[in-house]
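The structure appears below as structure tokens.
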Amino acid sequence: MKKRSIYDPTTQIYSSPRPPLQLPADQNTSLTDFLFRSAASHPDSVALIDAESGETMTFHQLRFHVSRMAHNLQTELGVSKNDVILIVAPNSIHFTVCFLAIVSIGAIATTCNPLYTVGEMSNQISDCNPKLIITVPQLVDKISDFNLPLILLNNGTDDSSSKSEKKNVICRYSDLIAAGAEEFEFPADVKQSDTAALFYSSGTSGKSKGVVLSHGNFMATSRMVTTDQDELDEPKGVSLCFLPMYHIFGFAVSTYAQLRRGNAVVAMERFELEKMLRSIERYKVTQMFVVPPVMAGLAKAWPAISQSFDLSSLNLVFSGASPIGKDLMVDCAKNLPHVNILQGYGMTEACGVISGEDAREGNRHSGSSGILCPGVEAMIIDIETFNPLKPNQIGEIFFRGPNVMQGYFNNDEATKQTIDDEGWVHTGDIGYFDEQGQLFVVDRLKELIKCGGFQVAPAEIEGLLLSHSEIVDAVVLPYPDVKAGEVPIAYVVCRDPKSLLSEANVQDFIAAQVASYKKLRRVKFVDQLPKSPTGKTLRRELIAQLRSEAEACMQTHVEPKSS
């Protein structure tokens, strides 16, 4: 029997049909404890694999390294409970060791995109005031200006890591795991409610904020992510992680949750299509978590891929970060008929997950984000009356559950605006549940285009654009208009760079399917859309360009060009 989110018409609250979460009764449990208690039954199984070098680490070795590093952070470097430690590094198996060691002693891990400029890093560092930074040799020059102690994450393999040559470097990662007690008991005073991490939101819609996540949040997410695997009684698998570990999707979902279940995690430094495919083949990867651009890349390059790589081990591809069109999912499913192609919905404030398609049902390709995760409740709220809505009515998505953040760091006002007195998180996302209890995410509340008194949801038009056989990616944005206030325009990426698709073709295609106020006023053809490292289209960047263009056109009274 197919499961559906349960709707209570009395309260108009949706709840999860999945089994209840099984979390530790002992409140003095850290996320590190939770992981290694689970791993006690398989200490010699492989936990981590470096995709490039093939270096492996068993669960026993992982615990040993985490224990050594945790002990030395306390005894040698004076790290105490609630101290903040910043990790600025690409993916590696040692990134995971550092994160687990930090939180195991009650300190707080925060992460940062290594591609950030000094200015971008400065905002986060000023906000969270870290005690020290863990980084790689290539980033030392950029980070040294902050005048904070540095731990070099190079495992002793880089001669350039010499303390005498590197300003502020106090030790190397290899130093912290080379000496110390054989067995270090993790502190018993770390509680599930204690802060484990600060993950800064992407800031694609404004200044980034530090999302405060507890140990309990991570434990809940780890159970939510793997519930379907457990119900299906699947054997331990191999998960490929190329999503950045500094992002909640990359660490909480694609790394920690997999390790907690006993799956091996193959760590790739960054996404490259060919390297990803080689890793799947080499390590017999069974599952991977992806973002829409990866799905688009797979679909586009499939003729060459199918002749060159053995992907028969793969059985699950789960997409998140932003919705993808069902046509793209269908394309990928046709290419990989033995693989479940699923998608879900989450956010940093939910420690990564809110809903997901049910692997037990197989491929549905409805375009939905699935059913609610275990322990999660949701409502759909009218954006004007603030009343709860029934199935198939569109409004703002509210949710609550054990995965809800503790708040925004040093920002009580933003916290109050996001989490209400009853614990509901106001997501700012627009969506609805259908009569089957499937959640559909339609758009961002702040991204609605206000056109002549009407509201246009960009995601609706984007979905239609992606259903066109010649279009592989698209974004719909507001363009200033004297009469209407704003009008929708589109940036479009064609599947074939030599496509003869014209602006008029695209406009007619959309016009035949929507009300007049939703028609595209302009279409721009581009080779690619600007993306964040997690695969989200950088709308603000494009909107800023459009506004500058509109202002210039108004000053010169010149009609803007389409493409």
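Quick reminder: no glycine exception, Cβ is built from N, Cα and C everywhere.
Curation does not apply to TrEMBL; its annotations are automatic.
Keep in mind that this is a model prediction, so the values were computed, not measured.
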Annotated region 'Disordered' segment (source TrEMBL; candidates 1-22, 155-176): 1-22
DSSP helix/strand/coil residue counts for the domain 'AMP-binding enzyme C-terminal' (460-536): 19 helix, 26 strand, 32 coil
The region 'Disordered' (1-22): DSSP-derived helix, strand, coil residue counts: 0 helix, 6 strand, 16 coil
